[in-house]
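Engineer: The following block contains the structure, expressed as structure tokens.
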Amino acid sequence: MLKLCKRWSRSHTRRVVWPVCQRKRFSGVSGEATFLESVNMYFDRAAALTDLSAGRLEYMKACESVLRITIPFRDSEGKMQTVIAYRAHHSTHRTPVKGGIRMSASVDISETMALASLMTWKCAVVDVPFGGAKGGIRLDGSTVTEAQREKIIRSYALELTQANMIGPGLDVPAPDMGTGPKDMVWIRDTYKSFRHADVDADGCVTGKPLESGGIRGRLEATGQGVYFVGREFMKLEEEVLKTGLTPGVEGKRVIIQGYGNVGSWSAFFYHKADCKVVTIIERDFYLENEDGLDITALREHFDKTGSIQNFPGGKTVTDGDSAKGLENDCDILIPAALEQQINLSNADNIKARLIIEAANGPTTPGAQEILHKKGVVIIPDLLANAGGVVVSYFEWLKNLSHVRFGRLSRRFEERRGATLVKALSSLKSVDLSPEMRQEIIRGATESDFASSGLEDTMIIALGETVDTSKRLGVDLRTAAYVNAITKVAVVEKQRNNIFF
Ligand SMILES: NC(=O)C1=CN([C@@H]2O[C@H](COP(=O)(O)OP(=O)(O)OC[C@H]3O[C@@H](n4cnc5c(N)ncnc54)[C@H](OP(=O)(O)O)[C@@H]3O)[C@@H](O)[C@H]2O)C=CC1
Ligand SMILES: O=C(O)CCC(=O)C(=O)O
């Protein structure tokens, strides 16, 4: 695709599509590569193991275009404020492009481009047929009212619509850090008001609530994927041996950073699988219990108080930097908050033997080197947290087909199951328990399809990654990038871009 380079303005918002060559360099953790530089370093390391030409790799690495938007709004004192927002398209080798929208005070163009790039490689790792994109709104969501937030989100969606950077066949955003289902409804509604004749308009965004075209299972999908990938990895004896742990997730001590969407659902699934969640780290404190936190009771506490702080079933530690909790004793560490949390300043002190990257970009290249030397295994972000985009893909398919998964077949399957049970019951040699009967009779629901489709996808992607890592003798991140780059290159070559 040609790099976009347009500039235009309208009365209430301004939009600029920046040619990527104008991007600035932004700093990250002091003395370390920025997030974008890290993603590119990981890409380069893997790219060197492919037989693709340097020119093609350079093109594949670059971010195709970035839309920059300025959104005005009036704060609670009536003063005019401006919010900067972005939408980056890393690769349109497949369309639509896909990726969440982050809302945070630390959003910048460089971070958005890094996240968009990760989306390209992530979709390829799990065979989701999308290109990579990401959005960012530079705003601390807790500083605005709901009405102000709605206006900002709708303005953002309006600008994307007018720039042709949203639509079921163009670009399909979703939630990321700081955004959620309600924001997705405002986006869908804004898009639909301009494209009201588009029968597929619901597919312009995923992560919507069920009543507004969402799918059962998207809310928990990223955390559930983080669980599936960890559970399957822990079954691979040869791989587990490298960590020094015993096979199986059961009984393992887990630390989770971030109790938002991804962190809370990861906690739920690991706890359900009989792991001990011993520490949960939030921005200003961490919560610990050596015997494992009761995650069900913790959820109730969160729902009542709006925070996990002072949960009576654990000790809340507020003194000092909460990231110190990453260094607590555990088997598995699941960073599920921000990028660059595991860096040169703390990598030496990490006790975990397995790190499952639920967040995007939580480990810097410098930290990774230290951890690898210590024998720590890292299941990388582009594989570990892909569950969100996988179930987003299912939501998009649901929106385009205009029917809930299982609606046409469930009753039919149940009748056939009942006939089978009847036939089996007539055989004296067969003794079916009530649970077995129920399992045979029950037709698959939408949740069953979403969850089993996600499970299958994560198992296949982990298998492919482990195979490549063994074949090339490289770590899992490099292997996942090699697989992703190879898959994207096939599509690039087949389409034979006329601009090459
Ligand atoms: N949502 C999704 O489907 C996907 C998300 N991801 C990635 O997962 C990560 C988390 O996203 P998500 O759960 O959606 O975001 P949320 O906004 O739902 O939650 C983020 C959580 O992290 C906490 N947090 C913020 N800063 C810190 C910090 N410095 N130390 C500890 N905790 C902190 C937040 O606390 P507070 O509320 O105080 O800010 C919040 O509890 C991000 O990296 C995101 O890109 C990846 C794939 C899909
Ligand atoms: O669900 C999606 O489409 C995107 C999720 C996302 O932003 C991510 O995986 O980082």
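A Cβ is built for glycine as well, from the same backbone N, Cα and C atoms used for every other residue.
TrEMBL annotations: computationally assigned, not manually curated.
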Engineer: Could you look at Lys79, Lys122, Lys373 and say which one TrEMBL places alongside Lys98, Ser392 in the substrate site?
Structural biologist: Lys122
Engineer: Tell me, in order along the sequence, which recorded positions from Lys98, Lys122, Lys134 have their CA within 10 Å of Asp176 (site 'Important for catalysis').
Structural biologist: Lys134
Engineer: Once the DSSP letters are reduced so that anything not helix or strand counts as coil, what is Lys98 (substrate binding site)?
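Structural biologist: Where Lys98 (substrate binding site) sits, the three-state DSSP reduction gives strand.
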Engineer: Would you pick out, from the recorded positions Lys98, Lys122, Lys134, the residue whose Cβ has the largest number of other Cβ atoms within 10 Å?
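Structural biologist: Result for the most crowded candidate: Lys134.
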Engineer: Sort out the sequence-distant neighbours of Ser392 (substrate binding site) for me: same chain, 6+ apart, CB within less than 8 Å of its CB, listed by position.
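Structural biologist: Long-range Cβ contacts: Lys98, Val172, Ala174, Thr206, Gly207, Arg218, Ala221.
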Engineer: Relative to ligand 1, which of the recorded positions Lys98, Lys134, Asp176, Ser392 have a Cβ found under 6 Å from one of its atoms?
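Structural biologist: Near the molecule: Asp176.
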Engineer: If you take the centroid of the Cβ atoms of Lys98, Lys122, Ser392, the listed substrate site, which other residues of that chain have their Cβ within 8 Å of it?
Structural biologist: Gly99, Gly100, Met119, Cys123, Val128, Phe130, Gly132, Ala174, Ala386, Gly388, Val389, Val390, Tyr393
